[in-house]
């Protein structure tokens, strides 16, 4: 007995020393047990409703109203493919915040890893397209006004916008209807009959076909060898180089023509000056003595006028008339 009590006392002391930790552990265990009981009661109450339906989420024992009521629309209200509002189960007056919240909820349901009946990669990609269109005010306004930007038939990634889809569709249309889209292998005429209109069709265009053709009219092909209409970079650079060379040649030609015209003008001026000088020399040689005589006469007249002016002023005495001599008595 003494040995047994001796062995028991240390345990009692140790239990007293660790009593606060043990108390905390008991309280946490009690709380966990209560939560497990409440979860068991909730799951048992909803077992009758969930027994007929598969679990809508992994590790979740309850279902919200959206998961129970939502099914991905295969057709829209008008009979065609569903629009983005129908895909996201939203009204057209939904706000941006409502669109964002609805997207987060539907992404969990339509994800390929989800157990929802509508979960699939295609539905998840369509949901991403709808969210990308409705999350931006510009694309949403354009869709509401014109209807453009939404095409369920095209397979695109989740990060692709409606403008990218339109661009890809335009490139595909140009590729199918490119410059070489008219397949020459399906022509129904000989090469010698090219360009004869309805009797032979246009060369390489499958235009107006022969009259025995059942279609009896113009029916362009829907596919071709996929040659783009737009020009490649080497061809574009070649065209730019040729155009630059032509423009440079034109400017060089104009510059040479202008220089030649200026040179001709200077030559003409020199010729005119030479002719004027020769004419002046000829007139001086022919009528020089007459002009010299006229000049001398004018000079003498000027001198006479100056002498008369001086005489009037009294600087020069004017000679009187000659004296008359008496008659001689020689007679």
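Cβ coordinates are placed from backbone N, Cα and C, and glycine is handled just like the others.
Worth saying up front: this structure is predicted, and the values here are computed from it rather than measured.
Annotated by Swiss-Prot as region 'Disordered', the relevant range among 155-178, 179-202, 203-226 is 203-226. Range annotated as region 'Disordered' by Swiss-Prot, chosen from 3-34, 35-66: 35-66. Secondary structure of the domain 'IQ' (275-303), assigned with DSSP and counted as helix (H, G, I), strand (E, B) and coil, comes to 28 helix, 0 strand, 1 coil.
Across the domain 'J' (83-147), the DSSP tally of helix, strand and coil residues reads 43 helix, 0 strand, 22 coil.
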